Amino acid sequence: MLMKKIIIMAFSVALQLVSVTNFLHATEKHKITLNKGVLVTKDHTLLIPIKSVIPTIVTDLKYATHDNFTHKKVYEVDSCYARKEVVTALANVQKELMEKGLGLKIWDAYRPWQAQCKFWELVPDENYVSDPRKGGRHTKGTALDVTLIDIKTGKEVAMPTEFDDFSEKAHHTSMNFTDTILTNRSLLKETMERHGFESLTTEWWHYDYKGWQNLPVIDLTLSDLDAHYKKS
């Protein structure tokens, strides 16, 4: 356990030492490429703005700010997209939660493949970051990082950890929390799963929509998508 704590501390220090230049050009230096056989598409129509269907949902894309594990702004714009079928299912989740006085806050949704490569350079561990050579979960427009909020106050409810916590506290199997926190985590999990989403063991906030494994990577930037929908 002590060794694990030391590793986590060393990892945190290492992240802070990564320069902006090295971070932005990591993929160029190491030339990460997709594995042979991984399907890729540039079809804009596969993704839609989440708030265009669910205006009540709150978005706070952490990677469009410095408030994330890299301490750098990774996304060029604060735009939240997902596949149509994912947004439809998410709308049902939001409807059910609102009946309980709760709602969803989205921390991350569709993630451009180049951003996935940057994360892998910093955290090459598939327990926490998908290997971009295999495509990546978020790059398919089917993965969501979410939490619960109180609709009246807009405040996040108590959960086990902050977003992108790389400790065992973020695991669904961790139980050393108050009853309130455990209830909130279970409510989110049960509601998401009821509408076709699958949880990730190591991250209480992460959910994948069913069938994501068989879908292609969508190779578009968030700016590409914004431009497409601005024209349409």
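Positions of Cβ are set from backbone N, Cα and C atoms, glycine also.
If you look up TrEMBL, you'll see 1-26 marked as signal peptide.
Taken from TrEMBL, the feature site 'Transition state stabilizer' covers R111. Within 10 Å of the C-beta of R111 (site 'Transition state stabilizer') we count 26 further C-beta atoms, all protein chains included.
D145 (Zn(2+) binding site) counts 22 other C-beta atoms within 10 Å of its own C-beta, drawing on all protein chains shown. The annotation Zn(2+) binding site is assigned in TrEMBL to H138, D145, H206.
When secondary structure is read from DSSP and collapsed to three states, E203 (active site, proton donor/acceptor) falls in the strand class. Here TrEMBL flags E203 as active site, proton donor/acceptor.
Neighbour counts of Cβ atoms within 10 Å were taken for the binding-site residues H138, H206; the minimum is at H206. Note: the CA-CA distance between R111 (site 'Transition state stabilizer') and E203 (active site, proton donor/acceptor) rounds to 17 Å. For the recorded Zn(2+) site, residues H138, D145, H206 set the reference point as the centre of their Cβ atoms, and the other residues of that chain within 8 Å of it by Cβ are W107, D108, A109, R111, R137, A143, L144, L200, E203, W205, Y207. Sequence-distant neighbours of E203 (active site, proton donor/acceptor) (same chain, 6+ residues apart, CB-CB distance under 8 A): Y128, D145, A170, H171.
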